[in-house]
Amino acid sequence: MPKVQLNGITVDFPFQPYACQEAYMAKVLECLQKKVNGVLESPTGTGKTLCLLCSSLAWQEHYKDAISARKIAQRLNGEELFPGPSWGNVAPNDDIPTYYTDVPKIIYASRTHSQLTQVINELKNTVYRPKVCVLGSRDQLCIHPEVRRMESNYMQIYTCRKKVMARACHFYNNVEGEFGVEVKPCFGEGEFVLSLNRACPYYLSRSLKQQADIIFMPYNYLLDSKSRKAHSLDLRGTVVILDEAHNVERLCEESSSFDLTPYDLASAIDTVDVVLEEQAKVVQQNEVNAEFNMELASSGLNMELEDIAKIKKILLQLESAIDEVELPPDDSGVTKEGSYIFDLFAKAQITFQTKSSLLESLEQILQYLSGRKCEFDSCFTQTFLCNAGKWDSALSGERRRKVHIHLDDSNQKKKQKTDVWSSSSTKKEKTLSYWCFSPGYSMHELVRQGVRTIILTSGTLSPLSSFTMEMQIPFPVRLENPHVIDKHQLWVGIISKGPDGTVLTSTYERRFSEDYLSSLGKTLGNLVRVVPDGLLVFFSSYPVMDKSLEYWREHDFTSRIEEVKTMFVEPRNKGSFSEVIDAYYNRVVCPKSSGAAFLAVCRGKASEGLDFADRNGRGVIITGLPFPPRMDPRVVLKMQFLDEMRRCGAGSQYLSGREWYYQQASRAVNQAIGRVIRHRQDYGAIFLCDERFTAGNVRCKLPSWVRPYVNVYDNFGHAVRSVSIFYRAAQEAVTTEDGVSSLCMEYEPKAILPKRPRIGLLDALEHSEKSSEDARRLSTLSLQHEKRLADEQKGGRKRINSLLALATLARAALYLATVKSILSKERYKLFTMALQDYKLRDDFIAVLSQLSALFIDDKNNHVLLRDFYQFIRPYHKKQFHEACSSLTGEGCGYKPEHGLPWEEQDLTTPSIGEKPVSAPDTELDLKQGGFCLLTWLCSAGNFMLNKATVAR
């Protein structure tokens with residue numbers, strides 16, 4: 001791999017870096033060498049992640065070399081073994097530690113574990129092989145069956161802790177080395193996994209972090225003080241890298257805020273009632289037992305009745321204190337200074353002196369209730385416990401916080417209490433909100449922890465000046481990187497008027513007006529005819545998108561658009577998002593279609609991290625400036641807080657409320673338009689369809705790589721003519737290169753691939769039950785021609801493959817029916833649970849253990865264990881084959897090709913080592929269907945029933 005010399009450090013890079021990549025790595029090294037913070041913006045597609053990893057790990061290795069150089073020099077009485085600056089040279093002002101254990105660790109944080117998995121995949125493309133640790137929650141890493149069945153996080157935590165304390169978890173015992181477990185961390189498909197022999201991944205990762213060179217974790221583990229304490233994170237001297245940092249501002253504020261709803265309080269009171277009644281029964285029983293000299297009963301909760309009663313009294317007093325706050329006649333809510341939270345809690349006898357004992361009592365109750373299905377853990381206690389620990393630092397930051405008491409607007413209903421202790425108040429239910437308005441508070445917390453360097457980076461941080469102001473810590477190193485594309489690959493136009501001459505402006509007053517909606521519909525109707533393949537349309541909010549679609553349907557705009565491109569709409573429900581986006585991708589690549597249009601909202605899922613490379617996103621339309629809701633209490637208070645800080649003499653350190661308001665809109669726009677160019681060979685157009693983009697204060701907040709290309713078009717026809725010429729020129733100029741260079745351009749991780757790989761058998765069984773109507777309903781109106789177009793594409797070979805896939809499903813279904821007929825009802829339930837658990841968790845060792853318990857005792861059932869081979873994922877097939885050989889004396893017919901990923905396997909290759917069932921090979925057979933096809937499908941699965949019957 002090429003070696004690049006930057007700032008006196010040699011960086012190994014997978015290919016010859018571009019100038020912007022060298023500039024980026026040089027800035028990273030500058031931060032590390034000078035022990036200063038940096039904020040670095042580099043557009044998506046410029047290899048930001050790869051540059052971060054290579055430069056930081058090269059510096060870390062260089063740091064280790066410096067220690068080695070000094071140790072060698074000491075042994076040589078000060079003489080250098082290798083004179084010159086090329087080896088072991090660090091910045092002059094850097095203090096070289098004595099031990100290798102003092103080399104600064106790198107903490108790499110991103111939003112989610114799935115994003116961290118993509119980063120690890122990038123790491124595999126480098127020559128660097130550091131010791132890696134990934135921190136995760138019990139929900140992600142725990143492999144104990146009982147703990148994993150717990151429905152809530154708190155129940156998982158306390159069940160796990162109970163087993164660990166009692167040494168009843170053999171997975172945890174293995175971590176301590178009782179069985180000499182050899183453990184090796186790695187990453188699997190989409191999530192963190194561990195190749196290990198029955199050791200607990202959760203506790204193992206906690207121990208691995210002590211020896212790790214680089215630790216990966218989500219943001220909240222780092223920014224939240226309670227999470228840092230729970231994971232025993234020592235940040236002294238560490239290098240903290242926050243990738244995708246455009247969300248850090250919001251997460252910093254949320255980590256220091258909470259909302260306490262009436263439902264939370266009511267659920268906590270009800271649960272304490274249950275505990276109180278149970279303890280009272282135990283006390284009564286013990287009085288009887290003591291009278292007859294019998295053994296005293298124990299509930300497992302070491303608390304006196306009086307202490308439990310005090311907790312209930314405190315909760316009721318807190319509920320009353322909140323209810324007593326008078327709201328204004330318009331029910332707009334009451335806002336107090338941050339210090340008011342202590343006055344309010346004091347009314348319920350919650351003070352700095354009583355806080356510790358109260359938290360300890362609540363912890364005991366939670367542990368007592370662990371394993372039960374109750375709402376106590378997920379409501380009040382989760383809010384209270386997670387935030388009460390922040391009180392010690394709250395006084396220093398009270399100016400940054402506000403208390404807001406307002407009517408409860410949640411969908412959860414407060415429970416009715418009937419006991420004599422209950423409040424008789426009939427007032428409206430209120431929510432207590434304690435909001436932090438300065439992300440700089442969390443940043444200062446990191447600095448106080450002794451962090452060496454903080455690097456914030458993303459593709460969309462512009463404008464950097466306002467972003468750094470919000471963080472409230474110095475950032476001497478800054479970078480706004482250009483893109484790696486050429487000028488013929490990007491077109492940016494501000495379209496201030498529609499085809500009918502109506503001014504396009506999505507202001508609050510005009511966004512629902514008929515003339516605006518009509519002109520916007522005509523604009524979209526014309527642009528879908530110009531933009532090839534996939535087109536993204538971003539609205540400022542869901543209500544605006546819904547109203548626009550409603551108007552367009554009523555006035556026939558939608559049907560005209562769908563004559564050219566099928567429309568897909570981003571669903572509010574995250575569960576159905578993947579279905580819709582997959583349908584969009586498939587429609588774009590369909591040879592018989594002219595592309596598709598995906599309608600979404602700024603700040604939605606489609607605008608955050610999804611990949612619309614190449615044909616999936618040849619154009620992005622921004623229909624307005626997505627300002628935050630102006631009347632939302634939190635937005636109003638944020639703006640008031642910023643204005644107050646400027647008046648108090650900290651003017652240069654804070655944005656004004658108005659500046660922050662515009663910054664939020666600009667950042668959401670920048671994130672959305674970042675979907676259009678995803679790699680070096682990509683090209684696309686950006687349409688800013690709002691006349692407010694013509695204002696200088698709005699245009700200057702666009703990313704630096706976009707600003708040079710911006711043109712303003714007062715005439716819609718001129719814009720269409722210009723972009724049409726652009727697309728023709730781009731299609732001619734941009735060609736896909738062969739060899740390594742084309743691969744190197746696409747180093748940015750892809751969140752969702754445009755073509756779905758072949759699914760495994762476990763998923764196929766589920767998908768086979770869905771009708772073709774499910775695909776049609778994903779479009780805004782319909783996909784009437786979808787099935788016909790797909791059928792026209794299929795040749796004989798594809799149809800044979802489809803039939804073979806159906807045969808595989810038929811055989812799998814027959815296997816399940818055979819197992820159901822042989823096993824008892826209870827054992828079959830265990831079998832289905834094992835099947836589903838393997839599908840969700842991908843835990844090979846667990847499923848093998850469960851299946852062995854079901855099928856090994858009876859030799860007649862050994863064939864059922866071996867035939868489960870068809871459900872085993874490719875990377876586990878060899879292990880399963882070997883296990884079956886050991887347990888039953890016969891293997892499963894494993895072949896090396898069975899271990900290939902699904903998409904690399906030939907569909908006609910049988911997954912079990914048997915003679916493949918011959919497929920119908922004539923066009924006549926394929927067309928006959930009916931009995932001919934049914935006979936062939938059944939023959940593909942009959943061997944399963946025959947073998948089981950013979951075995952019986």
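Using N, Cα and C of the backbone, Cβ positions are placed for all residues, glycine too.
Now, the feature entries from TrEMBL:
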type	residues	note
BINDING	Cys142, Cys160, Cys169, Cys200	[4Fe-4S] cluster binding site
MOTIF	148-164	motif 'Nuclear localization signal'
Select one residue from Cys142, Cys160, Cys169, Cys200: among these binding-site residues, choose the one with the most other Cβ atoms within 10 Å of its Cβ.
-> Cys200
Within 8 Å of the Cβ centroid of Cys142, Cys160, Cys169, Cys200, the other same-chain residues by Cβ around the recorded [4Fe-4S] cluster site are Arg138, Ile143, His144, Val147, Lys163, Val164, Phe171, Tyr172, Tyr202, Tyr203
What is the pLDDT of the motif 'Nuclear localization signal' (148-164) when averaged and given as a whole number?
-> 79
For the motif 'Nuclear localization signal' (148-164), the DSSP helix/strand/coil residue counts are 13 helix, 0 strand, 4 coil
